[in-house]
Amino acid sequence: MAEHTSAQGSAPLTAAPPAESAQSAAPGEFDAGARERARAALERARERTLALTDCLDEDGLTAQHSPLMSPLVWDLAHIGNQEDIWLLREAGGGPGLRPALDPVYDAFRTPRADRPTLPMLPPDEARAFVAEVRAGALEVLERAPAGGSPLLAGGFVFGMVAQHEQQHDETMLATHQLRRGPAVLTGEEPPRPDPADVAALPREVLVPGGVFTMGTSTDPWALDNERPAHPVDVPAFWLDTVPVTNGAYQEFIDDGGYRDPRWWSPEGWEYARRVGLEAPLFWKREGGIHGGGGTWTRRRFGHTEPVPAGEPVVHVCWYEADAYARWAGRRLPTEAEWEKAARHDPATGASLRHPWGERDPEPRHANLGQRSLRPAPAGAYPEGAAPCGARQLLGDVWEWTASEFTGYPGFTAFPYREYSEVFLGDGYKVLRGGSFGTDAVACRGTFRNWDHAVRRQIFAGFRTARTATEGEGDLC
Ligand SMILES: [Fe+2]
């Protein structure tokens, strides 16, 4: 999330937000069901955090594997520090466990590249710290009042902390991908779609024109930037049924796409020339001659393997996605188009929580939660399809959109400005849908991610769109 996975630690907005926003920020009682949901989300996050950190020795945890990323042990204790701030102090009303650590783990204070210089807790101390904070947080969860505070309503602050930890788990997974050395992580193979079913899929699906409801005012754990729900008129458009695949992307490469300024925005072309872009990050051409031929391999969590043609492309920056779309005679979808494709049900006019409906994501719906350490082949997860017929909108790869990150009409920062507000209107590109590295708790039809246009280490791909010609949108 740009820097927001690491951007907490600043002053909370202690006053309750305005009445309407308080309603929309976190509706609902903090009842037994919400408490259980919060506990399960916190425990699942911690299980993943430990899996990502227990697999490396002290050197592997304290080393900086890329200047783009923090040492893993910084992420680990930062997770505990945020939980200390938000659950022990803000929700629990106590003094916190180790407030003196706040400056060390304040992401705004020290950029990632400089974090190795911080007086970080060594791995054993960091593990003990996060465990002790968690024990206290679970006590707060038990005794927190059932209502009265916007922070506690619906268990919002616990959901926020669980999402924060899962976002860092995805960041740490990206660090693992950048790390050199033998493989230490394992995952299951994603489901292989039925070839006949995939062959029968249309290349693109039509999303009818008209108003739909974007964002949410009711999802108790939705974050401030997803709020409030508001109507948006989206003209009819066509969207790729599945994300752009490695095979399709290779055609762009083979056609000289990286060497032809016609396909690139001026900024993208300048950037691509300056840093020498010629393929997705982690790809390498084996054999062939300069500029063509040979076969592509990729490095993935310590393994080198042929690039699988049928999987969604991943590790491309926004400029590459934008150039591919222009080469293909298409464009990136806007954020509103993406959300309408993912949520709008023409049969009822309602906006769904997820493409398949209201149910929480299950393994049959989407490739989420680091079960697999790769995207599933394009066309997988028919049970997760949206009403428009598009597949894999959630999970597999984050999808770059054409839009920049802005606040929705009526946006109110909650519970602190640095979560989203300070990033609004600053040129960040919006990504949607989550990746195989994203947990279900941090992935829903309204969830918004944002990052710099040049970012490639995140698990980002894309799909393309085109505006429907007159009359097409009326067919549905
Ligand atoms: Fe963070």
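Glycine residues also receive a Cβ, built from the backbone N, Cα and C atoms like all the rest.
Automatic, uncurated: that is what TrEMBL annotation is.
Note that the coordinates shown come from a computational prediction; the quantities given were computed from them, not determined experimentally.
Residues or ranges marked as compositional bias 'Polar residues' in TrEMBL: 1-11. If you look up TrEMBL, you'll see 1-41, 339-381 marked as region 'Disordered'. Residues annotated as compositional bias 'Low complexity' in TrEMBL: 16-27. Under the heading compositional bias 'Basic and acidic residues', TrEMBL lists 32-41, 355-365. Annotated domain 'DinB-like' per TrEMBL: 41-172, in sequence order. Under the heading Fe cation binding site, TrEMBL lists His78, His164, His168. According to TrEMBL, the gamma-L-glutamyl-L-cysteine binding site annotation covers Arg112, Ala113, Asp114, Arg115, Asp451, Arg455. Per TrEMBL, domain 'Sulfatase-modifying factor enzyme-like' is recorded for 202-466.
Structure with TrEMBL features highlighted.
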residue	record	CB count, 10 Å
His78	Fe cation binding site	28
Arg112	gamma-L-glutamyl-L-cysteine binding site	19
Ala113	gamma-L-glutamyl-L-cysteine binding site	13
Asp114	gamma-L-glutamyl-L-cysteine binding site	12
Arg115	gamma-L-glutamyl-L-cysteine binding site	23
His164	Fe cation binding site	25
His168	Fe cation binding site	25
Asp451	gamma-L-glutamyl-L-cysteine binding site	24
Arg455	gamma-L-glutamyl-L-cysteine binding site	22
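For Arg115 (gamma-L-glutamyl-L-cysteine binding site), the nearest neighbour among the binding-site residues His78, His164, His168, judged by Cα separation, is His78. Sequence-distant contacts of the compositional bias 'Basic and acidic residues' (32-41) (same chain, at least 6 residues past either end, Cβ-Cβ under 8 Å): 138, 141-142, 154-155, 158-159, 162-163, 220, 441. The DSSP breakdown of the region 'Disordered' (339-381), given as helix, strand and coil counts, is 5 helix, 4 strand, 34 coil.
Calculated from their C-alpha atoms, the gap between His168 (Fe cation binding site) and Arg112 (gamma-L-glutamyl-L-cysteine binding site) amounts to 13 Å. Cα separation, Ala113 (gamma-L-glutamyl-L-cysteine binding site) to His164 (Fe cation binding site), rounded: 21 Å. When pLDDT is averaged over the domain 'DinB-like' (41-172), the result is 96.
Across the residues annotated as binding gamma-L-glutamyl-L-cysteine (Arg112, Ala113, Asp114, Arg115, Asp451, Arg455), the two Cα atoms farthest apart lie 20 Å from each other.
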